[in-house]
Amino acid sequence: MARKVLVMGEVRDGSLRNVSFEAVAAAKTIAEGGEVVGLLVGDSVASFANELIHYGADRVVTVENDKLKSYTSDGYAQAFLAVYAEEKPEGIVFGHTALGKDLSPKLAAKLEAGLISDVTALEVEGGNVIFTRPIYSGKAFEKKIVTDGILFATVRPNNIATLEKDESRTADVSSITVDVKDLRTIIQDVVRKTAEGVDLSEAKVIIAGGRGVKSEEGFKPLKELADVLGGAVGASRGACDAEYCDYSLQIGQTGKVVTPDLYIACGISGAIQHLAGMSNSKIIVAINKDPEASIFKVADYGIVGDLFEVLPLLTEEFKKLKVHS
């Protein structure tokens, strides 16, 4: 059954988030040969339309307004619903990001649609789109289908393979004017809690530290390795509680859930709450002085040793590989 699917693209720090392209790929599956329409909302977003098209969008609609410069659920909801009323899609896809997790439930309630959140895989079988999502803190997965109404889903970053980029693709880009009004929240300023760098939720490589890092200074070798690998630095709740780093780096049940290609756990014991946030990483490497640490039970590779001795050696070896490549 061919469907029209509307995809929310996310622009942040002057670029489209990679999860936007993953959402387009998911929408292609849901559309089953129908049209995938990209949506960009902000104060100046039209320049990103072609990038969505290169990754598979069949058409792009933009909504630009000075009041949409920073995200607010009221403003973005007004923009989205205006486009929805005109397009009338059978499917909707968001990234499972801070924006997606905040806005999608509000829209689903407004549209009286079911919402399948945090989707990690999807397929079509017998005319039904089957959505797979984790449950019980990632210990199991459930499969869901929508039997009636709008197919509305959010997709977890780093789980849906993007379509191959084709810069020769062209498509129509249109704009809709929305009179944004009655905003209950006005964003006056955005202050970053962490340094600029790779976003944890979309990072392909994460170097994470636990209480074994011992201090704020102890995160320095983790940062050096992350820089060499083009990755991000994360932390366990224990490291955050000990004030070694900011809570914005926390990975786990009460922090961020990540699925990088490579996760290197340094001085992390492996509490179940932390495992809930990273156990679905494609490759897990554990570095810990305690050979009985629980983290080794989920690790693909383990190094029993002092992280302050191991990390500098790894960093130097990866630097050599980069030079030779």
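Cβ atoms are placed via backbone N, Cα and C, with glycine included.
Residues or ranges marked as FAD binding site by TrEMBL: Arg211, 236-237, 250-254, 267-274, Asn288. Neighbour density for Ala271 (FAD binding site): within 10 A of its CB lie 16 other CB atoms from the protein chains shown.
For 5-195, the entry in TrEMBL reads domain 'Electron transfer flavoprotein alpha/beta-subunit N-terminal'.
Reduced to three states, the DSSP call for Gln250 (FAD binding site) is strand. Neighbour counts of Cβ atoms within 10 Å were compared for the binding-site residues Arg211, His274, and the top value is held by His274. Same-chain residues at least 6 positions away in sequence with a Cβ under 8 Å from that of Gln253 (FAD binding site) are, in sequence order, Ser137, Ile272, Gln273, His274, Ala276, Gly277. Taking Cβ-Cβ distances under 8 Å and a sequence gap of 6 or more within the same chain, the neighbours of Ile268 (FAD binding site) are Ala208, Gly209, Gly210, Arg211, Gly212, Ser236, Gly238, His274, Ala286, Asn288, Ala293, Ile295.
DSSP assigns His274 (FAD binding site) to a helical segment in the three-state reduction.
Taking a C-beta cut-off of under 8 angstroms and a sequence separation of 6 or more, Gln250 (FAD binding site) has the following same-chain neighbours: Gly234, Ala235, Ser236, Arg237, Cys240, Lys256.
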